[in-house]
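Residues or ranges marked as Zn(2+) 1 binding site by TrEMBL: His128, His132, His138. The active site, proton acceptor feature in TrEMBL is assigned to Glu129. Here TrEMBL flags Cys139, Cys144, Cys163, Cys166 as Zn(2+) 2 binding site.
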Amino acid sequence: MNIVLVPIGAVDPAELRMLVNPLRAVFSRDVVIGEGVPLPKAARNDPRSQHDAEMVLESLALSVEMERHDRVLGVTNADLYLPGMNFVFGIARERWAIISLHRLRESFYGLPDDPDLFRRRAVVEAVHELGHTFGLAHCKRSRCVMFFSNTVAETDRKGPEFCMRCRLHLASEGLGGRALAWGGGPVES
Ligand SMILES: [Zn+2]
Ligand SMILES: [Zn+2]
């Protein structure tokens, strides 16, 4: 059993590969890259130039064969939202999760691209959403990866680490929940 990363719509393969080793280390299980799936047309909201996250997740759940996988993480460049929210970095339900790379790039904020920061943010969001699929709720500790982030500054502040309490929960699920060595060090906001 493994975690499968599924590109939804056009995604640079290197931007999927960069997630594999960090996720393997955190969740102590194999991580593979699966075949891509299209962005569901019905999920597109033209006036908002966004996709409905719930509908994208649903279509992912319907299109991935689960026999060999115990978790699915969809990765998309589409900007995601939920009714009542301007945007979401990702969502999760049961064994399925999705993250959007759209707002993780510095260029989205009118700044020069920073590949290391982008990679760190993508790992943080991937660990967060997969954390939900392993039964973790949002955590009050602002530096824990399970803290709910409203802004990319909050994503940068928390980093990809679980706090001790969340790590113990993962351990009780039979996961290593090992600390993730991160070369870049935490980014202060
Ligand atoms: Zn969350
Ligand atoms: Zn926590």
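Each residue, glycine too, has its Cβ placed from N, Cα and C.
Locations of recorded TrEMBL features on the structure.
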residue: His128; record: Zn(2+) 1 binding site; Cβ contacts under 8 Å, 6 or more apart: Phe89, Gly90, Val145, Met146, Ser149
residue: Glu129; record: active site, proton acceptor; Cβ contacts under 8 Å, 6 or more apart: Leu73, Gly90, Ile91, Ala92, Ala97, Ile98, Ile99
residue: His132; record: Zn(2+) 1 binding site; Cβ contacts under 8 Å, 6 or more apart: Ala92, Ala97, Met146
residue: His138; record: Zn(2+) 1 binding site; Cβ contacts under 8 Å, 6 or more apart: Met146, Phe147, Phe148
residue: Cys139; record: Zn(2+) 2 binding site; Cβ contacts under 8 Å, 6 or more apart: Val145, Met146, Phe147, Cys163, Arg165, Cys166
residue: Cys144; record: Zn(2+) 2 binding site; Cβ contacts under 8 Å, 6 or more apart: Lys158, Glu161, Phe162, Cys163, Arg165, Cys166
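By the rule that a residue counts when its Cβ sits under 6 Å from some atom of ligand 2, the recorded positions Glu129, His138, Cys139, Cys144, Cys163, Cys166 yield Cys139, Cys144, Cys163, Cys166. Surrounding the centroid of the Cβ atoms of Cys139, Cys144, Cys163, Cys166, where the record places Zn(2+) 2, the chain contributes additional residues within 8 Å, namely Leu136, Arg141, Arg143, Val145, Met146, Phe147, Phe162, Met164, Arg165, Arg167. Annotation for the binding-site residues Cys163, Cys166: lowest Cβ count within 10 Å of the residue's own Cβ, Cys163. For the Zn(2+) 1 site, the Cβ centre of His128, His132, His138 serves as reference, and the other residues of the chain with Cβ at most 8 Å from it are Ala92, Glu129, Gly131, Leu136, Ala137, Cys139, Val145, Met146, Phe148. In this structure, His128 (Zn(2+) 1 binding site) is part of a helix by DSSP.
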